[in-house]
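What follows is one structure encoded as structure tokens, with my remarks underneath.
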Number of protein chains: 2
Amino acid sequence: MKTIKTWSKLALVGLTAASLVACGGSEKAEEVAKVDAKAEVINWKMVTTWPKNFPGLGTGAEGLAQSITEMSGGRLNVKVYAAGELVPALEVFDAVSRGTAEMGHSGAFYWKGKAPAAQFFSAVPFGFTAQEMNSWLHNGGGLELWEEVYAPFNVIPMAAGNTGVQMGGWFNKEINSLEDFQGLKMRLPGLGGEVLRKVGGTPVNLPGGEIFTALQTGTIDATEWVGPYNDLAFGLYKAAEYYYSPGWHEPGSTMEAIFNKDAFEALPKDLQLIVRAAARQANAVMLDEFTARNNAALESLVNEHNVVLKTFPNEVLVALKAAAEETLEEVASADPMSRKVYDSFKDFNSKVRAWHEVSERAFINAREVE
Amino acid sequence: MKTIKTWSKLALVGLTAASLVACGGSEKAEEVAKVDAKAEVINWKMVTTWPKNFPGLGTGAEGLAQSITEMSGGRLNVKVYAAGELVPALEVFDAVSRGTAEMGHSGAFYWKGKAPAAQFFSAVPFGFTAQEMNSWLHNGGGLELWEEVYAPFNVIPMAAGNTGVQMGGWFNKEINSLEDFQGLKMRLPGLGGEVLRKVGGTPVNLPGGEIFTALQTGTIDATEWVGPYNDLAFGLYKAAEYYYSPGWHEPGSTMEAIFNKDAFEALPKDLQLIVRAAARQANAVMLDEFTARNNAALESLVNEHNVVLKTFPNEVLVALKAAAEETLEEVASADPMSRKVYDSFKDFNSKVRAWHEVSERAFINAREVE
């Protein structure tokens, strides 16, 4: 992991072993493999952007590998490599592209340097929730576009995890108006950072392991990370008093399973379908886990650690939303593929929001009426 | 299908062939089965509550069968029977329980006569959205309770489809206050119907195929069905002018895959896991499909068929919510198992709503600020 110079969103170093969840996947996988010893065994490496068993993300990758291995009766045996074990966290895509590893687990926002359009398949400021992203990918043409974006790299993508709506971040002062963003140094990578810059802030990109100290020493004024489940483990409440919602910059961050095209297509049809179902399962498993676990962590932050929970004022949200639209338009203007993806995104977005206006949103507000 | 006396929610007769989606699953399944002809083939029957290839639900069941068959390389060959082909729609549970069929695809609300607690695993008025239900089932103890409820019947349940938030129904007059529910005859089965009764209405249970005529002739004043995607196909806009949201009575209706316990446990471990992953996949596939397809249908209803889209007034929602809580308390009081499930439901509900207050709800409202 020493070779990682630039950490982006969700990457992390220095997680204590005590907070890790033991998975036990490899033992079970071996047992299944023995049962089917007569069948030809294909061994695959899965490289990931996550530290070993990092809650939600690393455990999600382990679960995916275990599912494939067990569902295939051990015929397709997937071994997981944490960030830095085989390749550095941010070389996952390259490793899968050239076949060093047959598959990887990561997030598409990391590959904007290779293909700017990739950013639309991870998290878009004021964009899709998890449910909307999944619907766009699987029933709105999104996945086909994602495949097109990765095709020149010999890589096949699938959605394989979602964090749900994240939190808006940790601040050491209140955000009462847009003025409060002027000159604000906030750890906010990716598209969200570009949006922050447009409203007068200074986005900073820091490795996960450096966030706490930077916030505590005043090197940065604010930071976002993921949500209560991960933020509590990071101890960010010790370095900032205010915890803002909502996570306008990442309303449903999608994680990806990526495959070397030659390796995937060499699989027999049944194993290809097992891999696809396992990815779809992993996609749901992670969202279910984050949805269930964030609240206990949020309660702990508020009740035990005296964190002040705040929401961004409307004026700020309006400005951020306008800045987000400008940012996306700029990304779309960069190359024809980004324009094509953005057009699809925008079209589906307007339609699904119209539907959710009378369904998800109407209901989620209706049950709170008093 | 002639033997079906009482149709409940989502059941349907008289769907025109033209609106059906061809699946082609059986052909593909046979092809795969031939490839693995040397392996032992297990043949399973899947009975369903749906007409053949009924959009979303019947096609979801077909997709599930096809996935299992193909992922297993034809070793586990699942043949789907539409409602009435092998057993009537509402005898699916019994057929699976006694092993006439090894598996079924249906909805838990149908089995309240056998186990009142079953109702919590389908749709609860003012209850869980799809994302919340999935999280409760898979990370909040819900599935274990569901298994406990079905265990005396030798049946194993899994979530295998979700419609998302439904619509509040079709009315031939405006609902401006609670007064407008007095004496209102509405086709609204299940828990929603009980809630309606508490606010002065008269719930009516009608087979799907009779709804249109009953509404047009004034036998009923209102009806709910599913959402735009299914409601448009049913032509309900020809019989009522007002289309209300939100579907407070079914905020995320879960469909189930159910298994004869002996049949499921007789499968080797890899096939059991293939079945579980296929169900989890089907669960996501259906939600993605409804999320993507409802809007086009809604646009058609409003723009081409002049449907007037309305939302229930707050006063009405407050009364319905209070009535829903009374109803659920009554269900919970009926037997110890229902109490146990309701306690778990309530506990998870309060926690996930607290989290969604600052995440899903905060975001979905934030992106609409102006």
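Placed from the backbone N, Cα and C atoms, the Cβ positions cover glycine too.
Taken from TrEMBL as is:
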type	residues	note
SIGNAL	B:1-24	signal peptide
BINDING	B:GLN166, B:ARG187, B:GLU224, B:GLU250	substrate binding site
BINDING	B:TRP225	Na(+) binding site
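Feature map: TrEMBL annotations on the structure.
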residue	record	DSSP class
B:GLN166	substrate binding site	coil
B:ARG187	substrate binding site	strand
B:GLU224	substrate binding site	coil
B:GLU250	substrate binding site	coil
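When the Cα atoms are compared, B:GLU250 (substrate binding site) and the residue listed as 'Na(+) binding site' turn out to be 10 Å apart. Fewest other C-beta atoms within 10 angstroms, among the binding-site residues B:GLU224, B:GLU250, are seen around B:GLU224. Residues near B:ARG187 (substrate binding site) in space but far in sequence (CB under 8 A, at least 6 apart, same chain), listed by position: B:PRO203, B:VAL204, B:ASN205, B:LEU206, B:ILE211, B:ALA214, B:LEU215, B:ILE220, B:ALA222, B:THR223, B:GLU224. Per the record's binding annotation for substrate, residues B:GLN166, B:ARG187, B:GLU224, B:GLU250 show a top Cα-Cα distance of 15 Å. The CA atom of B:TRP225 (Na(+) binding site) is located 8 Å away from the CA atom of B:GLN166 (substrate binding site). Non-local neighbourhood of B:GLN166 (substrate binding site): B:GLU224, B:VAL226, B:GLY227, B:GLY247, B:HIS249, B:GLU250, B:PRO251, B:SER253, each in the same chain, at least six residues away, with C-beta under 8 Å from its C-beta.
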